[in-house]
Amino acid sequence: MRAAGQLLRACSQTWKSVRMASTGVERRKPLENKVALVTASTDGIGLAIARRLAQDGAHVVVSSRKQENVDRTVATLQGEGLSVTGTVCHVGKAEDRERLVAMAVNLHGGVDILVSNAAVNPFFGNIIDATEEVWDKILHVNVKATVLMTKAVVPEMEKRGGGSVLIVSSVGAYHPFPNLGPYNVSKTALLGLTKNLAVELAPRNIRVNCLAPGLIKTNFSQVLWMDKARKEYMKESLRIRRLGNPEDCAGIVSFLCSEDASYITGETVVVGGGTASRL
C-alpha cells in the first residue's frame, strides 16, 4: 500500500509538471530580475529578443532611433504584462549610448545583459562600387558602435559581479548575401570582435557570445526576399526549406544570456536553417 501511495504521488507530480509546462503556469524564468539592454529592438529580430528576455523575467530597456517606435513597442510589451521601458538611441552617438545605460541604471540599478543588435545597410550592389561614405557608415554603426556600446556597459556589469554580452552578426559573415558586400564584411568583423572581447572580459566574469541569423523574414531583410524568384533561390540553399522568423532567434539569445550558459563564451551560434556557415 505504501509503495502504491508513493507511485500515485509520483504520477500526480509528473502530471502537474506536464500540465504546467503546457499551459505556461509557473513558467520558469531564467532571467528573473536581470536588467537587459537591447539595441534596435522595436521591430524584427530585436523586438522578438526583447520580448523573450522580458518573458523570461528580465527588466528590458528597448531602443530605437525614433521615439514613436519606442513608444509603440513599450506600450505593446507592457500591455503583455512585461517589464519594459525604452528610450531613443542611435548607437553611433555617444550621448545616446550614455542615455540608454543611464536609464537602466536609474530605473533598475544596473546592467546585466547587453544585446547589440543595431545595424545599417545603405548599399545594394557590387562591393567595388561602394563609396567611402558607405564604408564609413556601415563600419561605424555595425562594428565601432558595437565596441563602444559594450565599453559603456562593462563598468555597470562589473558592479554586479559580471554579465553577458550578445552581439548580433549574420550568416552573411560566413556565406555572403549577394549585393551586400560591405554589410557582409561588417558582420564578419563581429565574429572576430566576439572572440577578442570574450578573452578580454572573461576575467571580469563577463561572457560574450554571438548570434548569426540566416535569412529571417523582417523589414530589414526584405531586399533579399521580396522578389519571389530570389526568395525561392535562397530557400533552395537551406536544409530547412523556409525563411526564418524573428522568434526563431529569441530563445537561443535568452539561453546564452542566462546562467544555463555560464560556461559558454566566445561562441557564435548560427540560426540559419542549415545555411553553410564556416569561414
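Placed from the backbone N, Cα and C atoms, the Cβ positions cover glycine too.
If you check Swiss-Prot, you get these features:
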- 37-61, Lys187: NADP(+) binding site (BINDING)
- Lys93: N6-acetyllysine (MOD_RES)
- Lys93: N6-succinyllysine (MOD_RES)
- Ser170: substrate binding site (BINDING)
- Tyr183: active site, proton acceptor (ACT_SITE)
- Lys217: N6-succinyllysine (MOD_RES)
- Lys217: N6-acetyllysine (MOD_RES)
- Ser221: phosphoserine (MOD_RES)
- Lys228: N6-succinyllysine (MOD_RES)
- Lys235: N6-succinyllysine (MOD_RES)
Using C-alpha positions only, work out which of the binding-site residues Ser41, Ile45, Gly57, Ser170 is nearest to Lys93 (N6-acetyllysine).
Ser41
If you measure between the CA atoms of Ile49 (NADP(+) binding site) and Ser170 (substrate binding site) and round to the nearest Å, you get 15
Using all protein chains shown, find which of the binding-site residues Leu53, Val61 scores highest when you count other CB atoms within 10 A of its CB.
Leu53
CA-CA within 10 A of Lys217 (N6-succinyllysine), subset of binding-site residues Ile45, Leu53, Ser170 in residue order, equals Ile45
Where does the residue listed as 'substrate binding site' sit in the DSSP three-state scheme?
coil
Sorted by position, what residues of the same chain at least six away from Tyr183 (active site, proton acceptor) have a C-beta under 8 A from it?
Ala119, Asn121, Phe123, Ile138, Asn142, Ser170, Gly172, Phe177
Largest tally of Cβ atoms lying within 10 Å of a Cβ, found at which of the modified residues Lys93, Lys217
Lys217
